[in-house]
Amino acid sequence: MGDSAKKGRVTVIGSLNMDLVARAPRLPRPGETLAGHAFAQVPGGKGGNQAVASARLGAQVAMIGCVGGDSNGATLRSSLEAEGIDCTALATSANAPTGVALIVVDDASQNAIVIVAGSNAEVTPARIAEEEALIARADVIVCQLETPPDTVRAALAAGRRLQHTTILNPAPAARKLPPDWFPLIDYLIPNELEAATLSGVAIETPDDARRAAQALKAKGARNVIVTLGAQGVLALIDGAPGEGVHLPSPNVQAVDTTAAGDTFIGGFAAELARGAGAMDAIAFGQRAAAIAVTREGAQPSIPHRSEISA
Ligand code: RIB
């Protein structure tokens, strides 16, 4: 999609990782060595994935982040630039290596991920102050928890002060978010594990997700969307009827769920920035994520806007 066809601006404050991905019959047990059957090294990181998803799915995107001065950093930077993402606020660390993620994907398409932050730890609150102009130009700002917490809070606070729409994907799962974060969040988008950890409500079913979403909304988040993998999403949206709507996922054969949530969030953010209402943006994000799970890898799996059916 050419830049001229892109509408709405999304600024992502977040992580960039080089993903080292092994495919194995199943996830290893503690102490076990397991023979895998494929290996790939692909651009990832929740921040990078959400930025790429927003760009491919129709928004003008800027990325605030930090890579290392190594070959992984150069690869991640050039892959964002190739998507037309504004990387003027993407710093290069003088000391830290680029973040990495070690990922195992099993034959049932589930994954387990370990991240090592590296240069992502250098996305400091001072960077948010320095890049205020970039945040001011955005319609929607998107954060996750793979950069330091003080930075995420500063970004959400800047978004709120500038009256932009703020999205927090609280991933990786945190036991608690500070209470003063919730009123800064327009859309809190956890997966079921993150929602359970944050709310204390065990989640097996969409009804459990509804209770978790209600608990998180009661803390002050304006809207809560719990992603439930193959079970779809539970959306508790201001002004929408009822106490939370369950939207099932399109039925597809998944091969790798890595970055499915990131694709949903990037697509949702892009669609909101383009002027859609929340429920339409959710449906769009779900269609995009349903395509991503049918492909391998993080950023390589993310579809373009032209691939999403109306
Ligand atoms: O959400 C998937 C992402 O989580 C991977 O790309 C990996 O880098 C980790 O950040």
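Backbone N, Cα and C atoms are what each Cβ position is placed from, and that goes for glycine too.
Any TrEMBL annotation is an automated prediction that lacks curation.
The domain 'Carbohydrate kinase PfkB' annotation in TrEMBL covers 9-304. In the predicted model, the domain 'Carbohydrate kinase PfkB' (9-304) has a mean pLDDT of 96.
Feature annotation from TrEMBL assigns substrate binding site to N17, M18, D19, G45, K46, G47, G48, N49, E146, D262. Summarising the environment of K46 (substrate binding site), the number of other Cβ atoms within 10 Å of its Cβ, over all protein chains shown, is 31.
There are 31 other CB atoms within 10 A of the CB of D262 (ATP binding site), with all protein chains counted. Secondary structure from DSSP puts D262 (ATP binding site) in a helix. As annotated by TrEMBL, ATP binding site applies to N191, T227, L228, G229, A230, Q231, G232, G261, D262.
Here the Cβ of D256 (K(+) binding site) has 23 other Cβ atoms within 10 Å, regardless of which shown protein chain they belong to. Annotation source TrEMBL lists K(+) binding site at D256, T258, A292, R295, G297, S301.
Summarising the annotation, TrEMBL assigns active site, proton acceptor to D262.
Taking a Cβ cut-off of under 6 Å from any atom of ligand 1, the binding-site residues D19, K46, L228, A230, G232, T258 reduce to D19, K46, T258.
Other than the site residues D256, T258, A292, R295, G297, S301, same-chain residues with C-beta atoms no more than 8 angstroms from the centre of those residues' C-beta atoms, the K(+) site, are V255, T257, A259, A260, V293, T294, E296, A298, P300, I302. The separation of G297 (K(+) binding site) from D19 (substrate binding site), Cα to Cα, is 8 Å. Among the binding-site residues K46, G48, E146, G297, the ones whose Cα sits within 10 Å of the Cα of D262 (ATP binding site) are K46, G48.
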